[in-house]
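K.L.:
Below you will find the structure I want to go over with you.
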Amino acid sequence: MKALAKLERAPGLTLTRVKRPEVGHNDVLIKIRRTAICGTDIHIWKWDDWAQKTIPVPMHVGHEYVGEIVEMGQEVRGFAIGDRVSGEGHITCGFCRNCRAGRRHLCRNTVGVGVNREGAFAEYLAIPAFNAFKIPPEISDDLASIFDPFGNATHTALSFNLVGEDVLITGAGPIGIMAVAIAKHVGARNVVITDINDYRLELARKMGATRAVNVARESLRDVMADLRMTEGFDVGLEMSGVPSAFTSLLEAMNHGGKVALLGIPPAQTAIDWNQVIFKGLEIKGIYGREMFETWYKMVAMLQSGLDLSPIITHRFAADDYEKGFAAMLSGESGKVILDWTV
């Protein structure tokens, strides 16, 4: 089958032919329709330090997808041939303390599709049926293909009660931008997002941001004054992994505020702990999606009117993957979709 793979320990990916995956007793085989390019895939493309330490070579990658079940293992129940599915990209052990307690997103033995094992940038993907998630007919293939990052945004944004709250999001990548729409959809009052990329900030405005702030030109304190915020933000969502952004977020938080961290800062990042301790801040780390409560919430929000369509900005045939990666690398894109049906 056709697949997009890392064949050499060097930048780039290669469209190649690989063996169609075998289907285990508890697996489903998915014929891929659409995939989306993730920031993780950009790290793999660039072959940065993280990728060099993490990605097996050779291996085809990718983990954001939607497709149709075409084969099932003999032990699979609850699915049928022809079901349209996306899937949870974190494959968990099922036996550790957290898995047994229903907290599979905290499994200490997680294996990542397209990171630690063969991925979805291919004509077919085999995954455990437990990880497959049926997509309702009213949700498009394009939207279903971005459920993985949409889930990251949902898990992060809905970690705390947002109704009537003032929310600060640092980092206007696709996940941060989707978090804007989620926060507004569930009843936040002011949703402010910061970045230095004007293209992405404009996307955030289209998704409903109260203010989208280029911090290279505008003061967050001035924006807060314009919004008549006298006490600080109630909820902070750090999506960038940039130390200066995290610092500014902590400074802007109200006493008793709650902070969710999805962005990954450098390991030795220093912060002013006075901001955390004396403000009584609650900080929560976010990894992946809650299985499968996050997935149900994603579907429910889309069915109740959440509009994510502006975040999908580019579409290419899978054979034109280089154009898709170029769009992502340019910094002037939202989500980029690759079509495996043409």
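In case you wondered, yes, glycine gets a Cβ from its N, Cα and C as well.
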K.L.:
Considering the Zn(2+) 1 binding residues H63, E64 given in Swiss-Prot, which of C38, C93 is annotated for that site as well?
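P.N.:
Same Zn(2+) 1 site in Swiss-Prot: C38.
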K.L.:
What does Swiss-Prot list, out of I175, I182, I311, as binding the same NAD(+) as D195, R200, L262, G263, I264, I286, Y287?
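P.N.:
Given D195, R200, L262, G263, I264, I286, Y287 bind NAD(+) in Swiss-Prot, the matching entry from I175, I182, I311 is I175.
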K.L.:
DSSP on E64 (Zn(2+) 1 binding site), three-state: which is it?
P.N.:
strand
K.L.:
For T40 (active site, charge relay system), which of the binding-site residues E64, C99, C107, Y287 has the nearest Cα in space?
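P.N.:
Closest by Cα distance to T40 (active site, charge relay system) among the binding-site residues E64, C99, C107, Y287: E64.
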K.L.:
According to DSSP, does R200 (NAD(+) binding site) sit in a helix, a strand, or coil?
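P.N.:
It is helical.
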K.L.:
Among H43, R200, G263, these being the recorded positions, pick the one whose CA is nearest to that of C107 (Zn(2+) 2 binding site).
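P.N.:
When the Cα distances are compared, G263 comes out closest.
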